[in-house]
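Record features (TrEMBL):
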| type | residues | note |
| --- | --- | --- |
| DOMAIN | C:80-291 | domain 'ABC transmembrane type-1' |
| TRANSMEM | C:21-42 | transmembrane segment |
| TRANSMEM | C:86-105 | transmembrane segment |
| TRANSMEM | C:117-138 | transmembrane segment |
| TRANSMEM | C:165-189 | transmembrane segment |
| TRANSMEM | C:210-232 | transmembrane segment |
| TRANSMEM | C:270-293 | transmembrane segment |
Amino acid sequence: MKNKKIYIVITYVLLGIFGFVMLFPVIWMFFACFKSNNEIFGSLALLPESWSPEAFIKGWATTGTYTYAKYFINTFALVIPTTLLTLVSCSLVAYGFARFDFPGNQFLFMILITTLMLPNAVIIIPRYALFNKLGWLDSYMTFFAPAAVGCYPFFVFMMVQFLRGLPRDLDESAYIDGCGPFQCFIRILLPLLKPALFSAGLFQFLWTWNDFFNTNIYINTVAKFPLSLALRVSIDVTSNIKWNQVMSMALVSVVPLIILFFAAQKYFVEGIATTGIKG
Amino acid sequence: MRKVTKLTCLLLTGMMAATALTGCTNKPAATSSGAETEKAADQTTAGKSTAEQITLRFMWWGGDARNEATLAVIDQYQKLHPEVKIEAEMNSDQGYIDKVSTMLANGTAPDIMQQNVDSLPDFISRGDFFVNFNDYPDLFDTSGFEKTFISQFGTFDDKLLAIPTGMSCLATVANEDAAKTCGIDLSRQITWESMLEDGKKLHEQNPEYFYMNTDTRILCEYVLRPYLRQLTGQSFIIDSEKKMSFTREQLVEVLQYIKDCYSGGVFEPAEDSATFKGQIQTNPMWMDGKFVFAYGPSSSINLLIDAVPDNTCTVVQMPLSTERVNDGFFADTPQYMTVNKNSKHVEEAVKFLDYFYNNSEAQETLKDVRSVPPTSTARNLCAEKKLLNPVVVSAVDLAAGLNGKSDKGYTTSAEVYAIQEDMIESVAYGQSTPEDAADNAIDLINDYLSGLK
Amino acid sequence: MANSKVKIKPNCGGWTKRNKIGFMYVCIWIFGFLLFQMYPFISSLIYSFTDYDIFDKPSFIGLDNYIKLFTKDKEFWNSLTVTLKYTFITVPGKVVLALIIAMILNRELKGINFMRTVYYIPSLLSGSVAVAILWKVLFMNDGFINSLLGVVHIPPVKWMGNPSMAVITICMLEIWQFGSSMVLFLSALKQVPRELYEAARIDGATKIRIFFKITLPMITSIAFFNIIMQLITALQNFTSAFVVTNGGPNKATYVLGMKLYTDAFKYFKMGYACATSWILFIIIMIMTLILFVTSKKWVYYDN
């Protein structure tokens, strides 16, 4: 028995150390925001000599025309509609796939799975040209439109898997009660689909919030920059870079994600689990 | 059921936020896409449209001093013309060219744009993007500019498509204190040979010091191309003939020179300077006064000088080979100002630029944030009021006497520039020999030339 | 009358009224798929045979782009090598680490959930510019990591200035974010029926044998899915290379994603970039195919 206990203690200790090492960059980032520019480099000290919120204030205001308030608003304006549209379209499409055995269902579903592996790099250039023709470049339509038509196979897949786990009797009882398919969906299935919706929503929120490659290509004017682009600009300045300001804004931009994660941990995990297991 | 309420709450807040924010974002979208939508919005909502509100987007890059001065001029103009609102888009110089090229390609370019001297010829060759100022003689007064200057800088095929923002040149900034410590005589004219010799000696005797603060990109413009121009008397690529002006041997010579400079300690090792590429004034060694010289354009040498506040700095003449066929270096303009041909308010934009260049208050505010002013009126005014940084003026004066010709064009297009930078890097990192790097580069350049339409 | 509840062939119910409605829902996706995925996909192939540069109309140039890519473009081979190097360090590193940690965490210990959270947080920030910037600052020549090394008397490493180290630096950033893979494995491990473990223990099997004969086979389907998704993402990497080292030094981190971006949006050689992207696509397909084919040998599905 003692051996086992020692074993457990060692495990805890190792895990703890490793965990600390894992989180260390984020912890360091937090403290760096309060340091002066010189303290960040060349010194091993974790804690700042003096705690000054100056970096946050100056970093937020930036030397440009817009403050980070604008960039935050932009990010919300981009991420929230995209997420909502994704949820609506993907759940409907998943419903169609999971509950209706029209001819070609399996074939189309196979195509859906294949698109899971379609690399973004291959389609980005023609998409750019397409958006150019539609006049959507430099606007958030480049994100809203694909989201509105279910172009996120990962989420459709996730919801299909989840739906398959719900017994068909529920549908049948709804139909007996005289519901049409849509009502059946809204009244019966949707409430049960909540965990999957939650997970999908969280992931889409997260991915869109962090997106850099696509936003970099589609969004051009500074007034429309989301946080990821604004941060990129901040390390490009022509005069001396104030790293503590850059760090403070980087921290501020990830804080909402961390909060969201802690509040909704369970759904993150469940979401990954659902797609993973039944695939 | 907690789950239900939680989810409904989330969805509700999300939707409310979304509607609120889409309301919010409509305004910025309207203003930045030109005044047409704003005009319509104004007329329908406010209904108080006595004067049409015009919004111009003005985009430039620069450091703090330039940003402040430009914003001040915008302010002045807006006060004089309350019907005009100018949206300032300040940027850094990194990635600026990419941004402009993307915007030109997809039609989202601002009304007024500062342009990089290297990339502008390339843009002009790809399409009709810019307004010809000669079409608006009543709105834009060109009398303050010297005819030859404007014909060399800004005129393409007899069309004045861009206005030079100043008179500038490439400069060698010298840290006088570091020079003294290392025993460098600043009054001696630097030659390519002397740079290599003195630099090697300096680093041997004072290992913490280096001769020249530079990075692999700067070397393209400050060493690679001028060295060749002094050998051949021609631009790197001769635009009219679409061919290279140098031989393979000459290219190998200059690459060998650069390699020797790196291995001899004239330049800091490429690995170390890589982190400060494009921002050599932030190199801690420069800030510590451990470089004797640094390269920079005259329009931003103040950044270099401000980084070493405890030392005095001056400028010295660029390296001139004793056997040169041509001085290589030349007086230049630091940037251009252009007006987007597809702008909805071309005339307003042109009027603003006229104010920018010719109005005395604007000239006084802008003084030398874009190097020595391009108009004689501005120069006289600033000289009178002693507004020009003497170091900048002396740098431009040094260049004024040189007979080099500008090499902007195919030579400075994004692709060819990258080829130059790549060959320098492969030699600097010891990845290829000068011969291999030269052969590879010549291959690529020939490819590029054959692909020109 | 309600539709027949007895379905003899569940795979095809024909065009019943209800099925038509269901099909309509799927049409949403079909529309999106055709417009935003199929059309760009085919266009990309077509453009790759032209000299498209977005300013003018494209003109057909046949296989020129591909020939140039394979014979003349040394940068392409460099980018390919860099991308493969990056992928083959990152994907195994991430997956193996995730599996190990998941195995350790898969016990009835207190605070496991907390640990799981801690390890997951870095991958929350996946693809984020904020984290790439943080990485850049930490690994600067006089940054924190080098100061740490100095404490144990190791001379400072040029994490981003030395071409050979630069790729490692970016790989580290990616491997640091193994959290999502770990969570996947944890869930998979939880699904392994306890009875199997009990039976093995009763039979006197050693821990190692248990791992290889029971644990590993049961989670292979997850591992498979995981590896494929990680592979596809890694081969297209852009953000970390772009922000941390900007493809340098001396193109040592100039991954294919970056080459594509530069060729297309900086030099406007869009036709050429499309050709590059198709080569990338074919590489991804080949690797996926290899994995699929070999999967029959080592992936174990539940039924």
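Glycine too: its Cβ is placed from the backbone N, Cα and C atoms.
Ranking C:21-42, C:86-105, C:117-138, C:165-189, C:210-232 by CB pairs under 8 A with the transmembrane segment (C:270-293) puts C:210-232 at the top. Panel annotation: around the transmembrane segment (C:210-232), residues 87, 90-91, 94-95, 98-99, 103, 181, 184-185, 187-189, 191-192, 196-197, 200-201, 284, 287-288, 291, 295, 298-302 of the same chain, lying at least six beyond its termini, place a Cβ under 8 Å from a Cβ of the stretch.
Among the stretches C:21-42, C:86-105, C:165-189, the one making the largest number of Cβ pairs under 8 Å with the transmembrane segment (C:117-138) is C:165-189. Sequence-remote contacts of a segment are chain residues at least 6 beyond its ends whose Cβ falls under 8 Å from one of its Cβ atoms, and for the transmembrane segment (C:86-105) they are 112, 115-116, 119, 167-168, 170-171, 174-175, 177-179, 181-186, 188-189, 211, 215, 219, 223, 226-227, 230-231, 234-235, 237, 253, 255.
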